[in-house]
Amino acid sequence: METLPLNTIYVQNLLVIINRLHMLLHSTALAFLFYYRLCFFFQPSETRESHLLLPWLLVFASEIILSFIWILDQAFRWRPVSRSVFPERLPEDHKLPAIDVFICTADATKEPTLDVMNTVLSAMALDYPPQKLHVYVSDDGGSPLILHGVREAWKFARWWLPFCRRHKIKNRCPKAYFSALKDNDDGDFARSSVYMEDKQKIKEKYEAFKEEIKTFRKDRTFSRDYPSVIEVMQETIIDDVDDVKMPLLVYVSREKKPSHPHHFKAGALNVLLRVSSVMSNSPYILVLDCDMFCNDPTSARYAMCFHLDPKISSSLAFVQFPQKFHNISKNDIYDSQLRSIFTLQWQGMDGLMGPVISGTGFYIKRVSLFGNFARKGTDLLQLKEYFGSSNEFIRSLNQNYTSDLVSGQKYALLEEPHFLASCNYEIGTKWGQEVGFSYVSVVEDYLTGFILNCNGWTSVFCEPSRPQFLGSATTNLNDVLIQGTRWYSGLFENGINRFCPLTYGLSKMPLLQSLCLAWLTYFPLYCFPLWCFATIPQLCLLNGIPLYPKVSDPFFIIFSFIFLSALLKHLLEVFLTGGTLKKWINEQRIWMMKSVTCHLYGCLDALLKKVGIREASFLPTNKLGNDEQTVLYQMDKYDFQASNIFVVPMLALITINISCFFGGVYRVLLVGDCDKMFVQLFLAVFIITVNYPIIEGLMIRKDKGRISKLVAIPVILATVVLLAFFKLLGMHSMLY
Ligand SMILES: O=c1ccn([C@@H]2O[C@H](COP(=O)(O)OP(=O)(O)O[C@H]3O[C@H](CO)[C@@H](O)[C@H](O)[C@H]3O)[C@@H](O)[C@H]2O)c(=O)[nH]1
Ligand SMILES: [Mn+2]
């Protein structure tokens, strides 16, 4: 029936009440804390407990930054919602709009060809009319391996797609399907012998396909200089598969020149955006990272439940599915799943203007990426300044456009796509600025989403219980921190450039939405308070300088309340999203580890980029599982075989905390001022306890992931020497 809604939205009322109550209590306590600090600074200096101002200033600055990030974070908790969809109410297949799928790959050594092809196959097998589905593979490495892989995937798909359709297979990524332990995916057909026969046959085909990809060898040339290659897979093979309806499959490797910036993934997506315009020109686009396979074929229909909903569709830019990963361990020591973002914060934004783009797993409306071109009118010259000089592309902006390339089956005529995929095409145009995915930041996903919000576009977050997409998360410390450095650099950079959410953003969207976006750009600033809290109170403890109220002071209650309220709220959120006590501790731990390392490097990188000392870079993550590392991760053992720039700060900080704790206890026993120094003693104990795995990694573990003594001993010695020096300095300054 026409009148039944395609989707519904619920406000999570209980959570709203809990959140707002907590906001009220916590912010009141924060107000008291500020009052306490300010009183100290306005005291006449003779009556002050401590003569040294600098440590107080640093600790207060840290408290200000933490409170600032906390306030921004509350915007996510203001109005969390959830949604459900009714795909069975969608119009008939022939009325559904077409979809282009963009799959990006960049590096055939880090992104195994077979896995990329599994993603391609899972996308081709989406439950959607095949003639309305067009899959484009962007290969940023220009690798013959990938091209060969795509050709083979096309051949295998002629078997795979009918098999999936015939038996209504849920798991349409062949690798995942064949490696599923139980046959729970076989559905109603599990016992039919026809199915079992078919399964055996397709398994053989898959093995042959795997073999074909494995044995293909071509010397990889690591050149950054090659012309574009575009190949449309065609129905040339007439074998024993009869008349299979196949989606379009296109391989695109854009032109690359060393002299020409290629803008990483955003650049690749923009090329696909243009090339696809003159081929299939579908109104909706699904973007996938090469490792994000479709775990469930229904996502396209689910997305259409929003895009075709007349109540929201006119301003709706995209439907975002959560990033989920197939390689997450139970306790997830690195929080590789980004729990808070995908189970909490995106629901929160969904209740406002909608989540930002998460890079992969979103269905976006093509026109939303074209900026405000509609307002520029139809002046051809102006349009060319905007979109570049391809007449064919500009014709494609017209909704009724049908490409000669596809409709006439004239795949040989690929001149226009090559022109659109060339290095020079974008020169002098608005691509990467006002049109397409943004080049301003390496986190093109965040910034493109931000700009969409600024232009008034909204989004929705769709999170069915069965994950629609599954990718590979980084699961060793080094990769986690390198990836983090790239993200936090990219995010923080957007807080200090002209797209600052609190200035530019605030003038263009509702307050709460801009606060969420501001949280995303400013949370890398955690590095400052966490470095301060791991050093300043400890050094002061060593020298008997109090920074916090005495236990007998009423303000002690305020500080304890804030500490407990933050921890318990986090614990509650972990529990409510299906986590355990262990998961909670692990999140606290990795938060500390990340804050003192990759948050710091990310912020520094962004600052250096701003003054022009550093260039943007994008190291794709490793999607090849390393067995040893995977075992460590599965056993909840931190893999400290990481770069020294990450391990050294952690070691130094834990050394400071341990030494200052013992030094502090000794001093307190000698002087008898435990009342005054209690908070600082407690803080050191807390940090040591949370970071216990570092001590274990150094003293107890014997496996490959332990901390190497060769690195540790010099760091510890140097830290202790510095501390002794500092202690002497402190005594000196107290005497005089
Ligand atoms: O020059 C490049 C670099 C990367 N990629 C592709 O971009 C995708 C994401 O790269 P990945 O190495 O997996 O980085 P992640 O940090 O895991 O990616 C997350 O963060 C990115 C922003 O930093 C988003 O673009 C991604 O969608 C999001 O999953 C992969 O498919 C790559 O092949 C390119 O196409 N060209
Ligand atoms: Mn990835």
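Each residue, glycine too, has its Cβ placed from N, Cα and C.
For Asp140 (among others), the entry in TrEMBL reads active site. Taken residue by residue with DSSP, Asp140 (active site) is part of neither helix nor strand, so it is coil.
Within 10 Å of the C-beta of Asp445 (active site) there are 24 other C-beta atoms, taking all protein chains into account. Per TrEMBL, active site is recorded for Asp445 (among others).
Secondary structure at Glu111 (UDP-alpha-D-glucose binding site), taken from DSSP and collapsed to helix, strand or coil, is coil. Cβ-based neighbour count (10 Å, all protein chains) for Glu111 (UDP-alpha-D-glucose binding site) stands at 26. Residues or ranges marked as UDP-alpha-D-glucose binding site in TrEMBL: Lys110, Glu111, Asp140.
Under the heading Mn(2+) binding site, TrEMBL lists Lys265, Asp289. If you draw a 10 Å sphere around the CB of Lys265 (Mn(2+) binding site), it holds 23 other CB atoms from the protein chains shown.
Feature annotation from TrEMBL assigns transmembrane segment to 21-38 (among others).
Annotation source TrEMBL lists transmembrane segment at 53-72 (among others). When Cβ-Cβ distances below 8 Å are used as the criterion, the transmembrane segment (53-72) is approached by residues 26-27, 30, 33-34, 37, 40-41, 515-516, 518-519, 522-523, 525-526, 528-529, 532-533, 536-537, 539-540, 545, 547, 566 of the same chain, each at least six residues removed from its ends.
Residues or ranges marked as transmembrane segment by TrEMBL: 516-536 (among others).
For 556-576 (among others), the entry in TrEMBL reads transmembrane segment. Long-range contacts of the transmembrane segment (556-576) within the same chain: residues 15, 18, 22, 25-26, 29-30, 32-33, 36, 70, 339-340, 344, 548-550, 583-584, 587-588, 679, each at least 6 residues beyond the stretch ends and with a Cβ under 8 Å from a Cβ of the stretch.
Per TrEMBL, the feature transmembrane segment maps to 645-665 (among others). Counting only same-chain residues 6+ beyond the ends of the transmembrane segment (645-665), those with a CB under 8 A from a CB of the stretch are 477-478, 481, 531, 534-535, 538-539, 541-542, 593, 596-598, 600-601, 677, 680-681, 684-685, 687-688, 691, 694-695, 698, 707, 711-712, 715-716, 718-720, 723, 727.
Per TrEMBL, the feature transmembrane segment maps to 677-695 (among others). If you look at the transmembrane segment (677-695), the same-chain residues 6 or more away from its ends with a CB under 8 A from one of its CBs are 533-534, 537-538, 540-541, 544, 546-551, 556, 559, 585, 588-589, 592-593, 637-638, 640, 650-651, 653-654, 657-658, 660-661, 664-665, 667-668, 707.
Only residues 6 or more beyond the boundaries of the transmembrane segment (707-726), in the same chain, are considered here, and those with a CB under 8 A from a CB of the stretch are 539, 542-543, 640-641, 644, 647-648, 651-652, 655-656, 659-660, 663, 694, 697-698. What TrEMBL records for 707-726 (among others) is transmembrane segment.
Maximum intra-site Cα distance, UDP-alpha-D-glucose binding residues Lys110, Glu111, Asp140: 12 Å.
Other Cβ atoms within 10 Å of the Cβ of Lys110 (UDP-alpha-D-glucose binding site) number 16 in total over all chains. Ligand 1 lies within reach of Asp140, Lys265, Asp289 from the recorded positions Lys110, Asp140, Lys265, Asp289, judged by a C-beta closer than 6 angstroms to any of its atoms.
Taking Cβ-Cβ distances under 8 Å and a sequence gap of 6 or more within the same chain, the neighbours of Asp289 (Mn(2+) binding site) are Ile103, Cys104, Gly359, Thr360, Gly471. Same-chain neighbours of the UDP-alpha-D-glucose site beyond Lys110, Glu111, Asp140, judged by a C-beta within 8 angstroms of the site's C-beta center, are, in sequence order, Thr105, Ala106, Asp107, Ala108, Thr109, Gly141, Cys290, Pro620, Lys623.
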